[in-house]
Ligand code: PBG
């Protein structure tokens, strides 16, 4: 056969312009959500040993400056995690008017108006002495996470976050019915325009370890396997997602991201009409950092390849500690 091969896939890879023009996936700062730690009772940013180059911010002009810098890079969405000075068994500081997250939301709302989309992580683990994502109760001397008691607290936290100016509430507790409980509480109080981005499919993952150091939120006893999903399961994700959709979630999330690309694809294929977020979590961040610091991987190429993979799998938005760097790198052109 003369001229064989007639079909040559390599033609589409011939030079950068052809590759860029025919690329199936793109990545812009609009796809990025920046996670930010805000801590009560500090005045200057603090380093986090397990997450090189990530800081905990005080609720003051230094936080504003950080968000401003990211705004300049094109990042319009942030998700806030609060680290309170006070913890108890009922997460009281999570729904106090003057809680750290409420103060940060008000400051950013007053400063930026509608320029920044403010997302509030909604959970109890950073605010409870026991560090669980709900209320702990006992049957005899055996503890359990009381699902329906927890719902009342999660609804209260969500409402106080909406009152403080959050555009989006992001429940991350994996309690059954939490999306519905929050939706009802918000609607009852005049916040029917407040969105819910649900951590619908959140696995019981080792990759949250650096975050737990960052947010001081490791469980004091037990673990999260009775509420977060088993890493061996993927189809169960569709059950979690169906329930969240029924309960009124606006945006869905899969977490972690890099280790669960199959789940991202599965959810996107089955619920294409819902915006899907994926969370590139702390451990996924720190693994890359460690390899980069050892000189084993090129940071820019590694991060862009992984982030594009998460987009390719089907995520519309990516929560990533690398957001500031990614925004810079993509403005210089992608290395493909
Ligand atoms: C719970 C929450 C966690 C993360 C986000 N929200 C921790 C957990 O479930 O233990 C982890 C994020 C990360 O690892 O980057 N409030």
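Heads up, the Cβ atoms here are built off N, Cα and C, so glycines get one too.
TrEMBL: automatically predicted annotations, no manual curation.
Summarising the annotation, TrEMBL assigns active site, schiff-base intermediate with substrate to 202, 255. What TrEMBL records for 212, 224 is 5-aminolevulinate 1 binding site. Sequence annotations record features per position, and here TrEMBL assigns Mg(2+) binding site to 240. Sequence annotations record features per position, and here TrEMBL assigns 5-aminolevulinate 2 binding site to 282, 321.
On the backbone, the CA of residue 212 (5-aminolevulinate 1 binding site) and the CA of residue 255 (active site, schiff-base intermediate with substrate) stand 15 Å apart. With a CB cut-off of under 6 A applied against ligand 1, the recorded positions 202, 240, 255, 282, 321 are reduced to 282. The candidate set comprises the recorded positions 202, 212, 224. Of these, 202 has the most other Cβ atoms within 10 Å. For residue 224 (5-aminolevulinate 1 binding site), the nearest of the recorded positions 202, 240, 255, 282 in terms of C-alpha separation is 202. The two recorded residues, the residue listed as 'Mg(2+) binding site' and residue 202 (active site, schiff-base intermediate with substrate), show a Cα separation of 9 Å.
When other Cβ atoms within 10 Å of the Cβ of residue 282 (5-aminolevulinate 2 binding site) are tallied across all protein chains shown, the result is 25.
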